[in-house]
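For reference, the structure is listed below as structure tokens.
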Amino acid sequence: MGGRGSSVKIAIWAALGVFVVYPLGRLLSSVIMGDGGPSLEPFVSALSQRGTWEALFNSMSLATAVAASGTALGFLFAFGSSRMALPGAVKKAMTAITVLPLVSPPFTTAIALTLTLGPGGTVPKLLSLPDMDIYGFIGTWLAELLTYFPLAYLTLRGVMEGSSTDLEEGAMDLGATRWQAFSTVTLPLSIPGLGNSFLVLFGLSLADFASPMVMGGHRFPVLTTEAYLRITGMYDLRGGATLALILMAPALLVYLLQRRWTRDRSFVTVTGRDRGSRAFQLGPVGRWSVLLPIGAIAAFVLYLYGIIFAGSFVEAWGLDHSLTLENYRYAFTSGMRSIGDTLLLASISTVIGTLLALAVAFSVVNGRSPWMEFTSLLNSVLPGTVVGIAYVSAFNSGPLVLTGTMTVMVALCVFRYGAPAVRLMMASMAQIDGSIEEAAMDLGASRGRAFRDVVIPLILPSILGGARAIFAVSMTAVSALIFLVSVRWNLLTVRILECITELMFSQAAALSVVLIVLVFAFSALLDRLAQKLSH
């Protein structure tokens, strides 16, 4: 398979060159190349403006607040799930509720907060309070916190479930109190996971476009929204690209710090005599100190999604709560084209993205290609605004004009949202002993047949998991794709955002419910397929 393997590698590098390296190169050249040659004047001009520094400060302070509070909340949920004796049904319900924001449009939480706490919201009305002003930093922080803390929870739960409680029990056997065992054993052992979670949430908040757009607006500008408004409102592509490149610097720094942190911070607590993770016995005060906030947050998340569902059945939220199906009629008439375009985009992207991720993972694991790994993941670690503007710069003119086509949107989804699939498949392939493939080849199978008949069945769960991730993100993404929509192709997330900006909250809620149902339906379909294939 040597010749065929080389051809696959060449094809992968060609695709990465066209859809990853070339757009970023064009983005950089569109900023620094002026009539008189290379110049840093756009950066000097941007950084001399007070608005740029305000947006940068807002972006960094918001990311810090979201990362710190999201990691703390995720740790609380992870501790309750992995260290407390809770019924299995309660743990499953906790996970299902908290994961809801991860499979929803990125501004669903912002819509729910507006319907709940904004003007005419349910909470001010129930408590007979004046209208609350949640727009600005507070609203944006709360929307991002509820959207991203589930990632911290899932990350830290895996860390805590994978470590033994022997050291904690040993500390208490030596006379330590429960609090001393927690503060001197449990918490220090969680530092690698906590640091990784902080960096992940910091990067996600820094790159977020939807929540600041809905909850921040002109009152709380951040670099992602300022770059978008510079291009769409002022038709200043160079100015927007300059802000995007300024944002790219801290985003790449966070990614490199995360890589170094996860590589250098590792505490080994699992040995051959490990007895697994068991319940951490807390007193009544400690137990309720953990369970009450967990229950309150889970109930609030469930309430927010209940509000979206309820809001989709009323005439006009906050004004006329008469029950109606008109919002769904609107979704399946005026919004039907957006639904069809989004399903088509996500379906094509899922098929191509999964196949490409499989090829990249195989080439990286078997060919030891760290540069291919880095390049394939590059678009995913950059803010969506940066990638979207890069694609506009690259494919709006020049040798390859793709603006306004489905092709450019599929390419963006494949090369930006295929990263989780690449990581999943690489991790699975790395766990397969090479002797298994070699045994098949010793029996007469070619390298390609050994890969098809041996490796693929072993990593099938990762393949399906990667496909699920690509489909879900392609359906719900907005920050990068919003720059590529056109008269010919529109997306459901963009349509929802348009409804929000036009204060059509009930229609936005109906479209959000449709989108969530479609994502869950595809996920259920993949689960069914996985069950059939496993038999």
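If you go along the chain as it appears here, the first residue is 1 and each next one adds 1.
Each Cβ is built from the backbone N, Cα and C atoms, and glycine gets one as well.
Per TrEMBL, the feature transmembrane segment maps to 12-33, 60-81, 93-114, 134-156, 237-257, 290-314, 343-365, 377-394, 400-419, 454-484, 504-526. Sequence annotations record features per position, and here TrEMBL assigns domain 'ABC transmembrane type-1' to 56-258, 339-526.
The list of residues near the transmembrane segment (343-365) in space but at least 6 beyond its ends in sequence, with Cβ under 8 angstroms from a Cβ of it, reads 5, 8-9, 11-12, 15, 372-373, 376, 406, 409-410, 413-414, 417-418, 421-422, 425-426, 429-430, 451, 455-456, 463, 466-467, 470-471, 474-475, 489, 491, 518. Comparison of 134-156, 237-257, 400-419, 504-526 by number of C-beta pairs under 8 angstroms to the transmembrane segment (60-81) places 134-156 first. Among 93-114, 237-257, 290-314, 400-419, 93-114 has the largest number of CB pairs under 8 A with the transmembrane segment (504-526). Only sequence-distant pairs (6 or more apart) were considered; of these, at least three Cβ pairs between the transmembrane segment (290-314) and the transmembrane segment (93-114) are under 8 A, so the stretches are in contact.
A Cβ distance under 8 Å defines the sequence-distant neighbours of the transmembrane segment (12-33), meaning residues of its chain 6+ beyond its ends; these are 39-40, 42-43, 237-238, 241-242, 244-245, 356, 359-360, 363, 372, 375-376, 378-379, 386-387, 389-391, 393-395, 398, 400, 411-412, 414-415. Long-range contacts of the transmembrane segment (377-394) within the same chain: residues 20, 22-24, 26-27, 30, 203, 206-207, 209, 223-224, 227-228, 231, 237, 240-241, 244-245, 247-248, 251-252, 255, 400, 403, 408, 411-412, 415-420, 422-423, 477-484, each at least 6 residues beyond the stretch ends and with a Cβ under 8 Å from a Cβ of the stretch.
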